[in-house]
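What TrEMBL says about this protein:
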{"type": "REGION", "residues": "A:1-31", "note": "region 'Disordered'"}
{"type": "COMPBIAS", "residues": "A:10-21", "note": "compositional bias 'Low complexity'"}
{"type": "TRANSMEM", "residues": "A:41-68", "note": "transmembrane segment"}
{"type": "DOMAIN", "residues": "A:99-314", "note": "domain 'ABC transmembrane type-1'"}
{"type": "TRANSMEM", "residues": "A:103-124", "note": "transmembrane segment"}
{"type": "TRANSMEM", "residues": "A:136-156", "note": "transmembrane segment"}
{"type": "TRANSMEM", "residues": "A:185-208", "note": "transmembrane segment"}
{"type": "TRANSMEM", "residues": "A:246-264", "note": "transmembrane segment"}
{"type": "TRANSMEM", "residues": "A:292-314", "note": "transmembrane segment"}
Amino acid sequence: MTSANQIRMPAGGASASPAGPHRAGRDSARRADNRRKWYEIIGLTTPAVLIYVMFVLVPMGFAVYYSLFRWRGVGPPTEFVGLRNYTLAFQDPIFLDALRNNAIIVFGSLLIQGPIALGVALLLNRRFRGRAVFRLLVFVPYVLAEVTVGIMWKLLLTGDGTVDALMRSLGMGGLVQAWLADLDVVIWTLLAILTWKYVGFAIILLLAGLSNVPDELTEAAAIDGASWWQIQRHVTIPLLGPTIRIWMFLSMIGSLQIFDMIWVTSVPAVRSLGASATMATYMVDNGFFARLWGYGNAVAVILFVISFVAALLFQRFLLRRDIEGAITGRAK
Amino acid sequence: MATKRRASAVLALLMTSVVVLAGCSGGGEEAAPQSELYKDPVTLSWWHNASQDGPGKTYWEKVAKDFSALHPTVKIEIEAIETNQLQRTRLPAALLSSDPPDIFQAWGGGEMSEQVEADYLKEITDQTKTEVGDIGSAAEIWQVKGKQYGLPFRMGIEGVWYNKEMFAKAGIAAPPTTFEELNTAVTKLKAINVIPIAVGAGDKWPAAHWWYNMALRACSVDALKKASAEKNFDDPCFVKAGQDLKAFIDTKPFQPNFIATPGQNDPTSANGMLANGKAAMELMGDWNRGTLDTVTTDKAKLASFLGWFPVPAISGSPGDPKAALGGGDGFSCAKNAPAECVEFLKYIVSPEVQKGYAETGTGLPVAKGAADAVKDPALKSILEATSGASYVQLWLDTAYGSTVGNAMNDAIVAIFAGNGTPEKVVSAMKAAASK
């Protein structure tokens with residue numbers, strides 16, 4: 001938005017009133033308006049900016065600073081080691097496992113939740129009896145706290161627990177696994193739980209997007225003789241693009257930073273063997289539990305950089321058209 | 001998509017605490033002379049880990065109240081904090097600031113020597129000579145280079161908790177005293193379709209304690225002392241410990257999928273398995289009597305079948321068969337805490353208060369005069385074994401400090417999971433020491 005726009009806006013608002021002031025009076029009124037606007041901007045943003053700087057930017061600076069030290073959190077950091085903590089992290093096979101697990105969750109969430117959510121959203125967008133109930137049901141898991149969901153599934157999945165018994169009674173006993181104990185299985189179990197919880201969020205987002213698709217377009221397509229499938233394929237889904245991309249963005253950032261569910265559902269031993277560790281759980285396990293504070297900060301910085309770069313790339317290549325003007329500047 | 005409030009919260013906590021600390025530097029040091037004791041009103045802040053509602057928490061409240069009644073100038077403010085939070089985040093952050101709690105939980109060992117090095121703790125050698133004399137060798141765990149920096153209120157050695165009824169049913173006449181006998185017992189228990197030993201490997205340390213005991217048997221006392229003092233793990237006995245452990249795991253004495261079994265506090269834990277008659281044995285410390293009670297469905301039945309025996313010896317190994325692993329809980333005073341803090345510390349370990357502590361059944365007391373208050377037969381046998389032990393080695397992860405301890409536990413758990421080796425445990429410990 002240009003500054004000319006900003007000046008014009010209050011004046012435009014004023015012209016809505018029937019009064020027709022003189023030219024000079026209008027100028028000074030415009031200046032006063034302008035000044036008041038700046039006071040408003042400063043007054044309203046200062047607390048937020050201060051909090052943002054104090055609790056986001058400054059701590060981030062400290063994290064980078066501490067990551068350069070060998071520091072156990074006893075006494076001030078004194079032993080400067082440069083980038084050694086970063087090198088150590090990338091040499092630790094468990095950290096590499098954590099990176100792999102994060103990648104599994106990022107891509108697994110997109111590839112599994114995306115198609116499911118789209119299908120269910122298209123279905124729920126049609127009119128049928130009980131639609132409101134279905135909409136509510138798919139959204140319930142998302143409303144539950146992540147810790148609650150984690151504990152619930154942990155109890156359901158214990159050896160010879162509810163899930164195993166249910167599968168056996170359905171004649172699927174051969175498929176029963178040590179869901180949370182088998183080191184090759186646990187990450188997929190966790191992915192399934194995450195899907196169960198977050199697919200509802202994707203569905204709600206897509207439903208909101210669907211309600212913005214004008215009926216005129218689908219009606220026009222129908223009049224032209226397009227089948228329901230053709231309408232979805234060529235009219236609705238293309239128009240859902242911005243919503244799908246925003247959901248992908250949120251899902252990706254969330255998956256990179258995932259912590260609660262893993263921490264609660266997966267026991268320390270399985271995490272420390274790398275089977276279910278993510279970057280965030282690795283950071284806490286090493287930073288606090290092994291009391292490697294400098295190292296933990298380095299992992300935090302790596303996590304931040306990866307998320308930040310991923311976010312920037314996503315915005316640059318996929319979100320560009322959707323958020324034009326708001327972040328990326330004017331379209332050329 | 002996943003919201004990860006917790007990760008950012010933890011990050012923010014780490015960082016904000018650090019911002020807060022940045023503004024603080026060490027305050028002045030004005031210890032009140034002895035003559036001024038109880039003259040000015042003081043408030044002692046006390047952080048302990050009895051955070052769950054129960055006899056432990058209630059008892060500390062009573063102790064604080066009683067002390068204030070004896071010395072009206074002293075007011076005590078208690079904060080009960082869950083162990084992990086207390087040890088891993090709250091205490092380190094508070095100690096870095098200029099305003100730590102006056103008296104707080106201390107576990108001794110490697111962590112304490114780091115705290116002493118950073119000048120966080122009050123030295124109390126001279127004021128506590130009587131108490132240390134009464135407590136005996138257990139007090140050494142709260143010493144750094146011969147000086148006293150804290151006092152224990154609970155101390156015990158670990159051993160095997162077992163189900164007497166199952167042993168009788170399997171035809172095991174007496175508790176095993178050697179690993180050969182233990183192996184025989186395992187075979188007999190399997191024959192009657194009972195899980196011989198429950199291990200909470202999911203929490204790492206309950207599994208790691210099996211390795212500690214192998215090391216205790218494989219290593220000479222000198223090698224163990226050297227490892228604690230110098231973080232020197234060159235003695236081949238540490239590799240031998242891993243080999244012995246691997247051989248033991250290969251006999252399949254543990255429950256299936258033990259890698260995901262939690263240690264204590266819920267019915268599916270290793271603790272719950274023993275308490276509810278689903279496994280015959282569990283290796284655990286003296287606090288287990290209390291935690292078994294919280295997870296059992298039938299306390300009376302538990303009391304009727306529960307027994308305890310020391311960790312069996314390994315014949316022909318250089319380790320002292322009468323040496324035991326143990327540890328405890330204690331309190332330290334912050335460097336700049338008022339002198340009344342030391343008096344309160346002494347009060348906590350006085351025989352009267354210790355007797356009351358023993359009666360809560362939450363742990364074994366350290367003061368000699370309090371031993372009579374221990375009523376439970378299993379706890380009594382631990383008390384006897386503790387006083388009969390020739391050498392008590394502090395839990396190795398505590399003794400070596402969190403960094404080496406954590407790496408060691410991880411590497412031991414890898415052996416349990418089948419993808420670790422005895423050599424890797426030692427190399428992980430050495431690598432962590434330099435991390």
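Positions of Cβ are set from backbone N, Cα and C atoms, glycine also.
Of the candidate ranges A:41-68, A:136-156, A:246-264, A:292-314, A:246-264 has the most C-beta pairs within less than 8 angstroms of the transmembrane segment (A:103-124). Residues 60, 63-64, 66-73, 77, 81, 85-86, 88-89, 95, 248-249, 252-253, 256-257, 279-280, 282-284, 286 of the same chain sit 6 or more residues outside the transmembrane segment (A:292-314) yet have a Cβ under 8 Å from a Cβ within it. Same-chain residues lying 6+ beyond the ends of the transmembrane segment (A:41-68) with a Cβ under 8 Å from its Cβ atoms: 77, 80-83, 85-86, 293-295, 297-298, 300-301, 304. Within the chain carrying the transmembrane segment (A:246-264), a Cβ under 8 angstroms from the stretch's Cβ atoms is held by residues 102, 105-106, 109-110, 113-114, 117, 146-147, 149-151, 154, 190, 193-194, 197-198, 201-202, 205-206, 271, 276-281, 284, 303, 306-307, 310-311, 314-315, 318-319, 322, all 6 or more beyond its ends.
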